[in-house]
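Undergrad: Here's a structure for you.
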Amino acid sequence: MAVKFVFFFFLALLALNSNASDLCAAGSDGSGDLSVIPIYGKCSPFTAPKSESWVNTVIDMASKDPARIKYLSSLAAQKTVAAPIASGQHALNIGNYVVRVQLGTPGQAMYMVLDTSSDAAWAPCSGCSGCSATTFLAKNSSTFATLDCSKPQCSQARGLSCPTTGSVDCLFNQTYGGDSSFSATLVQDTLHLGSDVIPNFSFGCISSASGSSIPPQGLLGLGRGPLSLISQSTSLYSGLFSYCLPSFKSYYFSGSLKLGPVGQPKSIRTTPLLKNPHRPSLYYVNLTGISVGRVLVPIPPETLAFDPNTGAGTIIDSGTVITRFVYPVYTAVRDEFRKQVGGSFSPLGAFDTCFTTSNEMAAPGITFHLSGLDLKLPMENSLIHSSAGSLACLAMAAAPNNVNSVLNVIANLQQQNHRILFDIANSKLGIARELCN
């Protein structure tokens, strides 16, 4: 019996590795359906920092959150940002997920970061100063074209600029993530998403980059602006998409990005998707309250209120690692959580509420109350454990406490293993529990 068990266990391991290899080779499940890969997963070309557990990697990624929150707070409508560009190789310090796409004709494979709070797409192009080794080779694509300042796209995204006279290439300067910047030229080429083809897709062709947050192989913006993937593919996908993000520790597994109505869940709880004219790129939802265990936490209503005049409210974002609440909201939630757990607490990286795992049974569940639905977080979405396994931490934190701190952000660690559906045409956001493996 022992010999048979070992034999079948060996076969199971072979199947697991074979399936993982096949998944990496496929890169897509068909029309409008792409694999979403954790940045340091098996199918990703990027390597995690050496000698680090996945928990320490998440802590490192979460340390970038304050800069990202400030960046999100800066996204005022049509704000032009001019930033100096310096050469220098950047490090990979982004808490995100990537999808495999192909650019150009014939297609060149690129692993681009998904970002629901960015409007445009961009990719490092050959000759780029400060970019990674993998770049898009424009000269090898028969469908590549630059866009000059006479084109309407040159006025459709933050950071685009043209001189007052003359027909020259449309230039593209942006900051990203709070500590990085890049220069690019606005161009067009064919984008391949699985078996789907989007001709004349406009994106930034990066020529120079600096900082630690620029994704090495580019970014695919899923925001609401006119140059986002969703806006440029309205005829194909009808402004509808969803994703399921696997856990960061799911090394062998991928989630999925589903574009368009086909294959979306038939029955899913929804909440109104709000649009804030002060920050039109972002996906706002109406967070009305938070429960810790059975206690509805007393939170000042104005700290959760949606305010189109200031940009205040709650957004859902794929690029922030841990959920961040403005200080009064976070401290109220944290204090109630500590009260119910009891004992003593210590900090660990971005987390200020860590306790011994012997008290974990007392840890209460956390529920986000949204208009029309309650998002009850499983423990895997509300707690994170130290690499030694001796501590459990509340996987949330306060937003940077500064003059622009008006945003609450529901981040990707809290979204993991949920299907998040964005129905822009009908102004709805759907959430359903789903194992994203």
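Cβ atoms here come from the backbone N, Cα and C positions, even for glycine.
Note: TrEMBL annotation is automatic and uncurated.
What TrEMBL records for this protein is below:
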ACT_SITE  Asp115  active site
ACT_SITE  Asp317  active site
DOMAIN    97-432  domain 'Peptidase A1'
SIGNAL    1-20  signal peptide
Undergrad: To what whole number does the mean pLDDT across the domain 'Peptidase A1' (97-432) round?
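TA: Within the domain 'Peptidase A1' (97-432), the model's average pLDDT equals 91.
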Undergrad: Near Asp317 (active site), which residues of its own chain have a C-beta under 8 A away, given they sit six or more steps off in sequence?
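TA: Expected: Leu72, Thr116, Ser117, Leu282, Tyr283, Val409, Ile410, Ala411, Asn412.
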Undergrad: Please work out the number of neighbouring Cβ atoms within 10 Å of the Cβ of Asp115 (active site), leaving out its own Cβ.
TA: 24
